[in-house]
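Taken from Swiss-Prot, the feature NADP(+) binding site covers ARG48, and the record attributes it to sequence analysis. Summarising the annotation, Swiss-Prot assigns FMN binding site to ARG125, SER126, SER127, ASN238, ALA239, GLY282, LYS297, PRO298, THR299, SER300, SER301, ARG323 and lists sequence analysis as the type of evidence.
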Amino acid sequence: MSHNSFGHLFRVTTWGESHGPAIGCVVDGCPPRLPLSEADIQPWLDRRRPGQSKFTTQRQEPDAVEILSGVFEGQTTGTPISLLIRNTDQRSRDYGDIAERYRPGHADVAYDLKYGIRDYRGGGRSSARETAMRVAAGAVARRVLGEGVRIRGALTQIGAHRVDRARWDWDAVDTNPFFCPDPAMVPVWEEYLGAVRKAGSSIGAVIEIVAEGVPAGWGAPVYGKLDSDLAMALMSINAVKGIEIGDGFAAAELTGEENADPMRMVDGRLTFGANHAGGVLGGISTGQPLVARFAVKPTSSILAPVDSVTRGGENVEVSTRGRHDPCVGIRAVPVGEAMMACVLADHFLRHRAQVGP
């Protein structure tokens, strides 16, 4: 299996399976002499860690990260940084019923069609367990970016229930189990998702990621576009089925006058009157907040029987038991933040290499 790496100058390779002994990643291209320790990475992993509420999988994994290389006396050395998380709460027996049966909507059938073999235990390589290492890599990327770039994410929609942007409060995001920026929507989601969970079903969601402090000039025309790389990175997250930058698909309903981001010089500085573009024009950052949204589909592991087939071609029904996220979008918030951080770190280094600091 190829294509387990992404990035150019800041390059991340992840490895491991859901029910293997460990998962890990190698971060290459990190500049030397940056302060880094496990304590800098662990808080970001703790935000994604499973089993923290009844609305996520009850698999209990501490997700304790270990730095194996690339750091000496608390500083990066410029050599590859190897990170490891040991799996401790695998329960492979829960997947015995699907060893020969495909879950409709799950990647296991595509893996089997391509490779002729698949690890059915928890989804193997296609499991969202892999995203823990993206979050770890994202913590390293934040060190590269420094404190001047701030990346935040929030869940904006579960099913048909959307937040009210007039009530948006970033300070509320980490005070509830949903990363919800609208305090009034939290009890609505609790009741709704509680019913979904009790029914053994699942539901999709929309996540928004915003990066502030990104200077103008990151990204390159045509094939090195910042938004193109960001879309690829977010699309690579498990269960993601759609991406928007700025107004995204809503821009198709706007006139040229409505979609324009007016510009003025204020105290010798370029300012914008709106941000429909989401902080990117021509693939290059404008200095405005970088805004991206992505949609995740419902988890394919559900209790209700669904028509499927076996590896041998027999028509069957599949009902999936075990520990699963009723809404995988919740824990996708810190994953989306991490992917944004990795893309920005890569483009920061690429920009510096081409035009200097």
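Placement of Cβ uses the backbone N, Cα and C atoms for every residue, glycine included.
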Close in space, distant in sequence - LYS297 (FMN binding site), Cβ under 8 Å, 6 or more apart: GLY105, GLY204, ALA239, VAL240, LYS241
Show which residues of the chain containing THR299 (FMN binding site), separated from it by at least 6 in sequence, have their CB under 8 Å from its CB. SER202, ALA239, HIS324, ASP325, PRO326, CYS327, VAL328
Long-range Cβ environment of SER127 (FMN binding site), under 8 Å and at least 6 residues apart: GLU17, SER18, ASN238
Determine the minimum-neighbour residue: among ARG48, ARG125, listed as binding-site residues, which Cβ has the fewest other Cβ atoms within 10 angstroms? ARG125
Candidate with sparsest Cβ neighbourhood (10 Å radius) among ALA239, SER301, the listed binding-site residues: ALA239
Residue pair SER301 (FMN binding site), ARG48 (NADP(+) binding site) - Cα distance, angstrom, rounded: 20
